[in-house]
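Copied from TrEMBL, the annotated features are:
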type: TRANSMEM; residues: A:21-43; note: transmembrane segment
type: TRANSMEM; residues: A:55-84; note: transmembrane segment
type: TRANSMEM; residues: A:131-155; note: transmembrane segment
type: TRANSMEM; residues: A:161-180; note: transmembrane segment
type: TRANSMEM; residues: A:223-242; note: transmembrane segment
type: TRANSMEM; residues: A:248-266; note: transmembrane segment
type: TRANSMEM; residues: A:273-296; note: transmembrane segment
type: TRANSMEM; residues: A:316-335; note: transmembrane segment
């Protein structure tokens, strides 16, 4: 840096300053263009399908942002106030044992899946084994008390749905954690997600907290919005009528409900109410819907690709999808 | 993307959430109970951005002062170039640790924050309307569920005209064996939906946000509704056709309308 500085310095180049187009200028231009073409934009979107899609898009973003903010605040607090050594003391030494512990610890994070991604990534950076952090990531959105209570309220007529969902989701998280312990390679995870934080770099803890939270929010927020775009698109493109005719075809019903959980990207606190309204289907496909949804959906895949890299998401998401279906079937066989 | 741009986007997004929450527009997208969370979320976003901006400014000032003291010892052009190299190095130089994570991100690899502009533009410029007839027609199911009947039906008041939600109207017609609605005049509020030749009075119910909206509807008969445009909000009084909500009709009851008046849409267009 200094060298280039000196070299450049040898040339007298004070004026004129080179015009650099940075993101700041691009943003200003974009905003002005959007304002100028506002009427045109509104008119272009005034088609029923696009109107519905844009409403769903804003709804997904607005609904998820509070949870994402909760997640980045927790993530910032872990970075600033919980030293890596404390986490290591808290968790069992053997990864195989720490995985179920992390899964059960998911009970303590009441939020939907958007909150758990930044937290899991922060845990990895603080030296928690990836398998353990991933198992927390999968468990937290599905087994926390808020989700279980809303499931109980929705399925008043089938109370066994609650333990079935709890066990199915926890099983998914623990099995994925163990699979990652056995087969996972750390090079699949983007290097930035694993970079260790120095324990103390002289800055005040509050500064670390604010900066970490801000940075996580900007990064993950972008991916959350991307997920919202997909969810809105699928919401209008997938004909809801088509799955309502599936009726009694059990195998097809299970597959379609699993795929639907992925593309609809519903909040884990709301999906039970959607599942209960699909009364044409037997309980088992609906359980699959509830177990798959919080573990893998388009919003979550976008967030994971952002936090851990694309090559991670490309392996983790399909695997989770399969494991979640099998776990749900297992839990369903026991409880339903 | 530069930190400055990220901070501006955060302020805009936080502002968009505050605008939704404080003007009541948020009811088009989410449930009423989310309002305090939206206010807090918007405020936190703006706060985080402001903290970062203030910090950058004070860091910048300190570096300028350092560059300035440098200039006294060196030639003028030299100092200027130093200041420039400092300025360029700044994103790398002054942020350590977690912020260092965002280096991989700066300017080139991280384009994801640009996506934050989409909801900002959608909220400030487009302000999408509440869901309506288009969503109702995307689904054949009628969301009023049998499970809701499990808790039993409270007796209806003795008023001449009973205001009911469409959800309750559908549930009672389909699952209340006592026929509590027969020969009673009820008043329903909803919007007009057309499918094929039929005209329906419909509402959407949401349990978390508009993405999980599910329709409830009743088939309107008894007069000519062609003057009413689709998506027009109306209050309709009339009587149910007993036993009209069965499996064959997908639990959509038939509603014989006596009187129908157009109204302005309620602030919260969703039921339940």
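Backbone N, Cα and C define each Cβ position, glycine as well.
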### Task
Determine whether the transmembrane segment (A:223-242) and the transmembrane segment (A:131-155) share at least three Cβ pairs under 8 Å, counting only pairs 6 or more apart in sequence.
no
### Task
With a Cβ cut-off under 8 Å, give me the same-chain residues at least six positions beyond the ends of the transmembrane segment (A:248-266) that come close to it.
60, 227-228, 230-231, 234-235, 238, 274, 281-282, 284-286, 288-290, 292-293, 296-300, 321, 324-325, 329
### Query
Based on Cβ pairs under 8 Å, which of the stretches A:55-84, A:131-155, A:316-335 lies most in contact with the transmembrane segment (A:161-180)?
A:131-155
